[in-house]
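Working notes, beginning with the structure itself.
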């Protein structure tokens, strides 16, 4: 491949690599950047990412790059797929290297650590208002996407024409269906809150509560997500779509989810540190819980499930005690604006 690409993907973890593979499998010239030169050389030599996606070969039109400047110069379309806690730092590094015609889309799920700000606010702070922004989200396990299994996601952005171009670029009749959405805020929020609820669902299963309890957590978790989203100006309908209910069900019910497995370990009696070590990869929901809790408190939004998970992760409460407290709360109408 020469030094041009239709899209550059920043982040060579499991999800970034999977999206790069999907794009390249569509015949799009795709460039994948990672911050560690040695690791990227291994990817280039092996034509695979054996650490995260063992056995899946890179398409011919997927190139590897460890130089951020070269990666950003190669394409105007930049897809950021890094953990939420380094999202701002990566954009800060990228800013002086971006092309004037760059457009930024991210698949990072989460909020800004400590502040609970949406990533759109972080992006604008780091980049200013001169670049079109977009986000993609939905129920996706990286290995299934990379393997070409059918998947569906949603895309929303600040510029309708950019959103439309992303739908065309990402969509594949064989592997990936992409829906346009005009709710930029709502699409971002779902990816953070679902990680929190997935930890709760995992804890419930780890304790041994069964399918009834898991389903109740998912359902009431969706209520909490919707309530928080509406408080931020999002459209309630967004949360019954791919980036809301879709991502929530996937993450809460399948053991490919690191957040669910982390919660299961806690429910079985592991402490937080041991549970994280068992997973062996970033558990985004751990940070997301604090971020969502902080945001909800700031907005005055009642999120009882999120609050109990926060107390387990950050205040040492036993998962079984958190469950008891949720069950013993005052009786409410199911359709009440407060749970």
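Each Cβ is built from the backbone N, Cα and C atoms, and glycine gets one as well.
According to its DSSP assignment, residue 284 (NADPH binding site) is helical. As annotated by Swiss-Prot, NADPH binding site applies to 14, 15, 35, 109, 142, 258, 282, 284, with the evidence given as sequence analysis.
The sn-glycerol 3-phosphate binding site annotation in Swiss-Prot covers 109, 138, 140, 194, 247, 257, 258, 259. Within 10 Å of the C-beta atom of residue 247 (sn-glycerol 3-phosphate binding site) sit 27 other C-beta atoms, taking all shown protein chains into account.
Under the DSSP three-state reduction, residue 194 (sn-glycerol 3-phosphate binding site) is assigned to helix. What Swiss-Prot records for 194 is active site, proton acceptor.
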